[in-house]
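Structure record follows, encoded as structure tokens.
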Amino acid sequence: MTLFILTETSAGYALLKAKDKKLLKRDDLATEASTAEGVSNLVKLKSFQKFDSAATALEEVASLVEGKVTPRLASLLDEIKDEKKVSLAVADPKLGNAIGKLPGMSIQLVADSTTTDIFRAIREHLPTLIPGLLPQDMSTMSLGLSHSLARHKLKFSPDKIDTMIVQAIGLLDDLDKELNTYAMRVKEWYGWHFPELAKILNDNIAYAKLVLKMGMRSNWETADLTEILPEELEATVKAAADRSMGTEISQEDLENIQALAEQVVGFAEYRQQLAGYLTARMNAIAPNLTALVGELVGARLIAHAGSLTNLSKSPASTIQILGAEKALFRALKTKHDTPKYGLIYHASLIGQATGKNKGKMARVLAAKASLGLRVDALAEWDDDATEEDKAALGTEARYNLERKLAAMEGKPLKPRGVAIGPNGASVQPRKFEINETRSYNADADALTGDQPASKKDKKLIEEVSDEEMADADSNEEPKANGTKDDDSSDESEEESSKKHKSKKGKDAELEKMAEKAGLSVKRYKRKLERGEITFDADGNPSAISKKELKKAKKEAKKASKGDEKKRKRSDDGEEADNGEKKKKKKKKGEE
């Protein structure tokens with residue numbers, strides 16, 4: 001079978017014919033094709049179709065990248081269309097599939113790893129195979145075509161620059177770390193001068209602003225803190241400054257502390273501005289993804305994938321575990337369960353779900369996010385399209401997911417994490433309020449008034465035994481005024497007195513028996529209930545220890561086992577006697 005090789009170059013299409021029909025099956029192909037003479041001995045030029053201009057070259061190569069067969073390439077392949085038993089080697093499998101679908105093209109296509117060595121050799125020694133093509137011209141044409149192709153792929157649009165999102169979310173994370181470090185340093189540094197302030201103020205930004213406003217704690221009388229703190233908290237801070245236990249510092253120390261506090265306040269203001277910028281860019285570039293997972297989670301997903309286009313090409317299963325690569329490969333290596341979620345775990349919809357529904361919600365949310373990403377990356381909108389139209393898919397999907405989550409949980413949704421409304425707009429956070437931290441109430445230790453604490457012992461709760469109520473006589477007839485006769489009341493009093501006497505007598509007997517047994521009344525009652533008290537012939541009680549009880553139980557078990565064995569033996573003997581009697585009867589009958 002004759003072998004042809006299709007080579008795409010920056011100058012045009014080259015169709016080469018192999019001199020050996022079994023060229024691709026040779027083991028020494030790589031060594032022979034290492035030189036220009038070796039390549040010339042292996043293949044020869046069948047035909048070469050040159051590009052007319054740089055624009056034509058760009059169109060042809062762009063079509064090849066997308067896996068399309070251009071008319072120019074189709075006309076070149078018509079030269080080998082009528083030949084029988086022909087195979088064509090192609091470098092790109094996608095292009096090979098497109099060539100195979102051409103009408104009337106009965107050519108066996110080869111686009112696997114066996115063609116790698118021959119294509120590498122052809123690219124290295126292409127000027128020697130094509131006459132009139134200089135190496136300098138070839139490099140110049142390749143460079144110009146690569147630049148044109150890069151500009152064509154980019155399709156520059158200021159609204160679709162996802163690089164800004166990648167840089168913004170990275171800077172936001174770095175700012176959070178630096179801001180936290182600097183704020184902690186300000187607290188530790190200024191805490192030597194005013195240690196009580198850190199317990200009163202939890203907010204780092206308010207702490208830094210107060211350091212800038214008040215300076216030395218001795219300025220608490222003249223400092224106006226109403227712009228930073230509410231009135232109650234301001235009074236608490238001034239009272240603490242008046243009786244502070246901190247050390248004194250110099251003016252130079254204070255200037256350095258205030259310089260660091262200025263950095264904290266500046267970073268906080270810039271962070272707020274950067275967060276607003278990131279929200280605006282996410283709503284412009286990926287409105288559907290923002291509506292589903294929020295701007296922060298969406299920006300981290302885009303940054304992790306590298307670009308919006310790369311993320312849109314990922315399937316839902318990849319988006320679900322994006323950011324948990326270490327856990328995934330560790331689970332695959334150890335053959336354990338793979339993780340259910342990665343960066344998408346921080347989305348508000350997954351945060352609202354309980355533990356049993358988090359994995360299911362992550363899977364559904366990732367599927368909807370993958371659809372929204374493809375719309376964000378590939379959809380082309382008119383100039384009249386509004387932001388609501390662009391985010392319609394994500395808004396509707398979020399609304400359906402919220403309803404599904406409510407059905408799974410069986411309770412109304414509570415806003416958590418990234419708050420996105422059903423219309424796709426982000427809910428503004430609540431106004432920041434500084435709450436006073438709980439302090440120790442020393443007044444609670446003082447006694448009420450000047451009176452000493454009472455030393456009266458509390459009465460213990462007495463146990464009263466339940467007494468049986470006497471049944472009322474049915475024969476008693478009440479009087480007209482609703483009262484009973486005096487005789488009945490006297491009888492009930494006599495009965496109750498008899499019961500009290502009988503109870504006292506029983507208690508006295510129990511005490512006597514307990515004394516004889518050498519036990520207290522409670523222990524005697526307990527042992528009597530458990531069966532650990534025995535009586536001799538005279539009726540004197542004696543306590544049995546637990547060891548003796550265990551021994552007695554073991555002996556009883558042994559005795560019962562011995563009786564069972566004797567019964568079994570006797571039963572076996574009777575069965576044997578009965579069997580012998582039956583045999584004798586049979587013998588007599590036979591005789």
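Backbone N, Cα and C define each Cβ position, glycine as well.
Noted in Swiss-Prot for the protein shown:
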- 285-410: domain 'Nop' (DOMAIN)
- 437-591: region 'Disordered' (REGION)
- 453-462: compositional bias 'Basic and acidic residues' (COMPBIAS)
- 463-475: compositional bias 'Acidic residues' (COMPBIAS)
- 476-486: compositional bias 'Basic and acidic residues' (COMPBIAS)
- 505-515: compositional bias 'Basic and acidic residues' (COMPBIAS)
- 557-571: compositional bias 'Basic and acidic residues' (COMPBIAS)
- 581-591: compositional bias 'Basic residues' (COMPBIAS)
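Sorting each residue of the compositional bias 'Basic and acidic residues' (505-515) by its DSSP state yields 11 helix, 0 strand, 0 coil. Residue counts for the domain 'Nop' (285-410) by DSSP state, with H, G and I taken as helix and E and B as strand, are 95 helix, 0 strand, 31 coil.
Mean model confidence for the domain 'Nop' (285-410) is a pLDDT of 90.
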